[in-house]
Amino acid sequence: MGCAYSKTCIGQICATKENSIRQTHQQAPSRGGTRATAAAAAVEEDNPVFNFSSDAVDDVDNDEIHQLGLSRDQEWGITRLSRVSSQFLPPDGSRVVKVPSCNYELRCSFLSQRGYYPDALDKANQDSFAIHTPFGSNSDDHFFGVFDGHGEFGAQCSQFVKRRLCENLLRHGRFRVDPAEACNSAFLTTNSQLHADLVDDSMSGTTAITVMVRGRTIYVANAGDSRAVLAEKRDGDLVAVDLSIDQTPFRPDELERVKLCGARVLTLDQIEGLKNPDVQCWGTEEDDDGDPPRLWVPNGMYPGTAFTRSIGDSIAETIGVVANPEIAVVELTPDNPFFVVASDGVFEFISSQTVVDMVAKHKDPRDACAAIVAESYRLWLQYETRTDDITIIVVHIDGLKDDAPRQLSSTGTQLQPPIPQVVELTGSESPSTFGWNSKNQRVRHDLSRARIRAIENSLENGHAWVPPSPAHRKTWEEEAHIERVLRDHFLFRKLTDSQCQVLLDCMQRLEANPGDIVVKQGGEGDCFYVVGSGEFEVLATQDGKNGEVPRILQRYTAEKQSSFGELALMHNKPLQASVRAVDHGTLWALKREDFRGILMSEFSNLASLKLLRSVDLLSRLTILQLSHVAESLSEACFSDGQTIVTKDQKLQGLYVIQKGRVKISFCTEVLESQNVSSLTTGITNEYDNLEIGTEVSIEKHEGSYFGEWALLGELKDSLSVVAVGEVVCVVLTKENFESAVGPLTNISDDGPKTRHSSFELSKESAKVTDTTALAKATLADLEWTTCLSTTDCSEIGLVHLKDKENLLSLKRFSKQKVKKLGKEAQVLKERNLMKNVIKPSAIVPEILCTCVDQTFAAILLNTTLACPISSLLHSPLDESSVRFITGSLVSAIEDIHKNEILFRGSSPELLMLDQSGYLQIVDFRFAKKLSGERTFTICGNADYLAPEIVQGKGHGYAADWWALGVLIYYMLEGEMPFGSWRESELDTFQKIAKGQLTFPRVLSSEAEDLITKLLEVDENLRFGSQGGPESIKKHPWFNGLKWEAISNREFQVPQEIISRIHHHLENDNVLPLETSKSLDTTEDQDAQNWLEEW
């Protein structure tokens, strides 16, 4: 159900839906007469103005675009808004316009960069912007706006709103006397017009942030999560004052409002069942992984918006995503040097204060825009696998005096409902202290899960970007010249020394002859250039009064340390000018591909991660933790014979050798410690019988390490280290380590060694044949050896009886976490299904016993598990391997359905393999007993949900066959068939609902046919629904597969699966273990109650 007042429901003030629609229709102009009436009202005067918009369709390229006179029917200025200038910014990069009534100037610049989407390299920039100076007929009015589109038709929506919003604002009858009311009305009218337009805004729309300057007063209107920020001088500091507060579910007031309108507010983890949907799990310091709360209709998996207000989004509007803007009215003072308007792509990883600090470092707004966009771009690639579209406008306020006329009275403009969200400020009061109870969310500083997966793949597979071999060996002078040019360049300022060296190696030498065109206006460049010698001129053909006029805008020389083309490193937007060689010269070129490779693969950081992973003491850290540690490393260089540590010093940190070798001398008594594995590995058999106190010398080479004991606070003396040849080390001190990830506890020796030995044992171990002895086993009888997989409240690992060697698998639930998450009923349901309903088979292992202790409730399984299927999918599997896994799963689902159970667990994270390579199903958390009815419960891995689940229509057994199709596609292609919900949820929703399917890799025709039939949108026609599981088994793709042999575990497991399991067990880290020491072991009566049935 939706909210009847959702179009005007703001805070505690609501107007009826009928009144809202009536008011909007009265204000909406007739579509057909807009242009004709506006054209008739055009009267040219002599005042030059600047109008810039992000679309260049029908643009007029002219230095003198004349403002229009006022007409009685309020149509003045409309025509001019569609005739925007595409001319270039002047050489200083900014536009200057006067505000005559207050005798000051606005100096502005802008930059809009299309995002980088690896799976959609040609995706349009969905951001748009508008700058109109002046705005309308009054030279005191100036308009700046940023519009961030989203959804399949987001680009069209943002362009539509950019044009219509300005028109509606100028047309409003109270624009001259009450700009705040006019802004509110313009947003609502534009929203209604977008609904009525041919553009499909059902699952698409745009956020909007606009700033209108009138004299010394600015009116800020915001709908969404873009932002406007004002700089203010306070006590010698420059402080960021947020003029808008992001409208997202992070705000308690917005969260409550959309819930009253019928929205479900959940993160993707909650949607997928990884976290309790009844517990608010966002807004804490721990939740910084790019999984924000989103809005969903009551019984559907859409629309999934992460904001609570926007223009368009007609479906989201039914659950409270309204177009009503929040409006702030602020009076400028001489203490306000500039303001910034930007899309949320800027503020995802950069705070408002950081933006203000960066702008303050640049005299020219253009340079500030470029610096902020480049830093945003860099941070997106550091923490994500893609970047958002990024748009920014910077406006400097020059020459404003205290004696300038004031336009607000001391009491401010009094505004009545239905426009309550108006904040009026004077001086230094910010919205957050003037009745705004919310603050903008802190920026993200953790890697996204997609980024973590990409790093893991790079570490496992070696698919990291590799720099090209330089065709020309640079001289010392050439490298020094390039370094001087790049030293203070905004785009390269944050690169590490190692990255800078790689960048130097990537720059290729180009020779240019007089008259050669290096880059051509209108073309697409992909290189950044540093001028090595010679002279180059910048040419642009611009429209003048007498037609096209070529102009020389600038000259580049090596003496000026010139460079150009930096924006080509970030996008392929058509070039605004040509560059031509005046005489013979040389250029150093850096390709976009190489620049992006340096940033995305984090070349030096990836090497650091590999080095850190080799340290036994750090082997249990996650990729995210290792990444934080890698950022804390420092580099130290030593010459041949230089002493790194003397015997009277104590080593202060971990040293990892990147280059060269070192000689370490120490007394054998040092080896008595458990945490000196780096020294013991270098000791040969001849030293085994040496007496305590004997001095030993060993050598450590590139890739080795020493000093790990210092991370635990152990200080060893009687040890010296000397460089042999030139040596480069990275150093990690205890203080830096603990600052990055916290204290490192002393890890015992049951980690990787146990994991490896368990694999060796598994070759001989088989299922327990005599199960009677284990029927009454307790957790005290079992010894936990290895953790294989974890969820929010459980973990699966290997155990053995303390007097036996046979390895078994244990699924244990943390009693404390189950209670905290409110999952008692879910856990009991899963246990009952596994123990009492589902019959054991070759694929569903037998339950040997269930047991409980003070900390855990556990299920002992008669199988020796190896890993989840996801651990093997660092690259696509071959078809024979996928066929084997799929055949096993089809047999299992067939048996599960016979027991009237809907599985909903066909994802590689939930499905396990045993150490023989056979599929094992041990996770039934999403399973449900059906009795012929449909279920409307939404759960399961979001990427595997069927269209009927996404659309909230209810679902049955056919949903399992859809998920099977998704799984087959993923195992063969290495990517999801409809994109990942974590990267573009709206696009994925629509693709699932429409069944839009493509095959990037060439598969067999049989495989494509089976996948296509399983991924049929109509569940009645879906393979498996018609003809049952037998129709799937008889598909030609399964020809040669012996179903009975699979059921009897007699089918030969494909070698590809065996080899990948071997590789995983030999090389991958075990997961961090949950021990009883980390949990509250206090007995809880409630816990005992729900466990009585265990």
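The count begins at 1 with the first shown residue.
Backbone N, Cα and C atoms are what each Cβ position is placed from, and that goes for glycine too.
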Write down the one residue from Asp140, Asp141, Asp148 that Swiss-Prot lists together with Asp344, Asp388 as binding Mn(2+) 2.
-> Asp148
What same-chain residues, at least 6 away in sequence, bring their CB to under 8 Å of the CB of Gly725 (nucleoside 3',5'-cyclic phosphate 2 binding site)?
-> Asp640, Gly660, Arg661
Nearest-integer angstrom distance between the alpha carbons (Cα) of Glu635 (nucleoside 3',5'-cyclic phosphate 2 binding site) and Glu795 (ATP binding site) = 39
Fewest C-beta neighbours within 10 angstroms among the binding-site residues Asp148, Asp388, Glu635, Glu795 belongs to Glu635
Around Gly797 (ATP binding site), how many other CB atoms lie within 10 A of its CB?
-> 21
Residues sitting within 8 A of the centre of the Asp148, Asp344, Asp388 CB atoms (Mn(2+) 2 site), not counting those, run Asp127, Thr207, Asp225, Ser226, Ser343, Gly345, Val346, Glu348, Asp389, Ile390, Thr391
Spatially speaking, which of the binding-site residues Asp344, Asp388, Gly523 is closest to Glu795 (ATP binding site)? Use C-alpha to C-alpha, please.
-> Asp388
Expressed in Å to no decimal places, the gap between the Cα atoms of Thr791 (ATP binding site) and Pro743 (nucleoside 3',5'-cyclic phosphate 2 binding site) is 24
Would you count the other C-beta atoms found within 10 angstroms of the C-beta of Val799 (ATP binding site) for me?
-> 22
Residues Thr791, Asp792, Cys793, Ser794, Glu795, Ile796, Gly797, Leu798, Val799, Lys811 [recorded ATP binders]: greatest CA to CA distance in Å = 21
Would you kindly give the Cα-Cα distance separating Gly653 (nucleoside 3',5'-cyclic phosphate 2 binding site) and Leu491 (nucleoside 3',5'-cyclic phosphate 1 binding site), rounded to the nearest Å?
-> 33
Whole-number Å value for how far Gly149 (Mn(2+) 1 binding site) lies from Pro743 (nucleoside 3',5'-cyclic phosphate 2 binding site) (Cα to Cα) = 44
Cα nearest Gly523 (nucleoside 3',5'-cyclic phosphate 1 binding site) among binding-site residues (Gly149, Gly797, Val799) -> Gly149
